[in-house]
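A.B. asks: Okay, here's the structure, questions in a sec.
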Amino acid sequence: MPDIESFSRDAAVLSQALPYMQRYEGKTVVVKYGGHAMGDVELGQAFARDIALLKQSKVNPIVVHGGGPQIASMLKNLGIESKFEGGLRVTDKRTMEVVEMVLAGSINKEIVALINAEGEWAIGLCGKDGNMVFAKKATKTVKDPGSNIERELDLGFVGEPVEVDRTLLDLLARSEMIPVIAPVAPGRDGQTYNINADTFAGAIAGSLGAKRLLFLTDVDGVLDANKKLIPELSARDARALIADGTINGGMIPKVETCLEALDNGVEGVVILNGKTPHVVLVELFTAHGAGTLIVR
Ligand SMILES: Nc1ncnc2c1ncn2[C@@H]1O[C@H](COP(=O)(O)OP(=O)(O)O)[C@@H](O)[C@H]1O
Ligand SMILES: CC(=O)N[C@@H](CCC(=O)OP(=O)(O)O)C(=O)O
């Protein structure tokens, strides 16, 4: 007989989790797995286990992954310079080849293998597969510090998603397969484009009207001016925090993607620390959750 304290603790966890598991049954959850959250073997296995458990709980998990730091190290090994403008990687022809190789090749297959090792059937894809995503050359303007003049950036083969066809993803949702998707997509012009993984995940989640879009990054969520975690944030408050500078750097495009996804029909978006083991399960299946939930 287990000791009574641990027995009641287990019972409390289960009785809390089960109603949440029912709430997500049959629903789509898109998980964006960022490059900064990767790298540690045990954390990777914990992530894969969470995704496998979601599928076993009859949730429809879809993984969209990044790999910025891994692309940077491969470019460095090849003696190619990494350059960012407005948070996006300037992508010439050679860089695009490396980006596709790293994202749709090694990282994608590593994640597939980790999920398969948990007894599931993951399938590695990118926007090209099943005509899933078409992109066009990204247009972005920036203002240089101290200047009010807007300047248009030429980012090369950086794309933004313009069409998402859900046929393949709908088919996979009815199957045993778990899609793992790299943010690379073709254009109608025949080029291959490099898409920021947050933007790509937002487009996929929006097109599916996902119940949740989770962003796994390297901080606990959106932090306030005193560096305290904000558990829930309305779209309005998020805009105010961007305007007053509390949300800055890489968190700006992430939160903007969250707001766009909400506008496109995603029910709730959460920013979480991917370095916390099993953060996906805790977020979805406990009352307190984890990270920052952003709602309309
Ligand atoms: N208010 C804020 N709350 C949390 N993180 C913030 C905030 N403002 C800026 N950041 C920065 O945003 C970073 C996350 O964005 P980014 O590095 O682009 O993530 P990823 O590479 O995982 O997509 C954090 O590591 C942090 O330095
Ligand atoms: C256009 C652009 O910047 N694309 C990103 C794609 C990978 C990505 O977004 O990875 P993380 O989520 O790990 O940052 C890049 O080349 O780094």
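Cβ atoms here come from the backbone N, Cα and C positions, even for glycine.
In case it helps, TrEMBL gives these features for our protein:
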BINDING   GLY67, GLY68, ARG89, ASN194  substrate binding site
DOMAIN    27-273  domain 'Aspartate/glutamate/uridylate kinase'
SITE      LYS32  site 'Transition state stabilizer'
SITE      LYS254  site 'Transition state stabilizer'
A.B. asks: Take every residue in the domain 'Aspartate/glutamate/uridylate kinase' (27-273), average their pLDDT values, and give the whole-number result.
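C.D. replies: It averages 94.
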A.B. asks: Measure between the Cα atoms of every pair in GLY67, GLY68, ARG89, ASN194, the residues the record assigns to substrate, and report the largest value in Å, rounded to a whole number.
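C.D. replies: Value for the max Cα separation, rounded to a whole number: 12 Å.
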A.B. asks: If the criterion is a C-beta within less than 6 angstroms of any ligand 2 atom, which of the recorded positions LYS32, GLY67, ARG89, ASN194, LYS254 pass it? List them in sequence order.
C.D. replies: GLY67, ARG89, ASN194
A.B. asks: Go through GLY67, GLY68, the listed binding-site residues, and name the one with the sparsest Cβ surroundings, counting other Cβ atoms within 10 Å.
C.D. replies: GLY68
A.B. asks: With H, G and I counted as helix, E and B as strand and the rest as coil, say where DSSP puts ASN194 (substrate binding site).
C.D. replies: strand
A.B. asks: From the Cα of LYS32 (site 'Transition state stabilizer') across to the Cα of ARG89 (substrate binding site), what is the distance in angstrom?
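C.D. replies: Here the two Cα atoms lie 18 Å apart.
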A.B. asks: Per 10 Å Cβ neighbour count, which of the recorded sites LYS32, LYS254 ranks highest?
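C.D. replies: That would be LYS32, with the most Cβ atoms nearby.
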A.B. asks: In the same chain, which residues outside the set GLY67, GLY68, ARG89, ASN194 have their CB within 8 A of the centroid of the CB atoms that define the substrate site?
C.D. replies: GLY35, GLY66, ILE71, ALA72, VAL99, VAL102, LEU103, PRO183, ASN196, ALA197
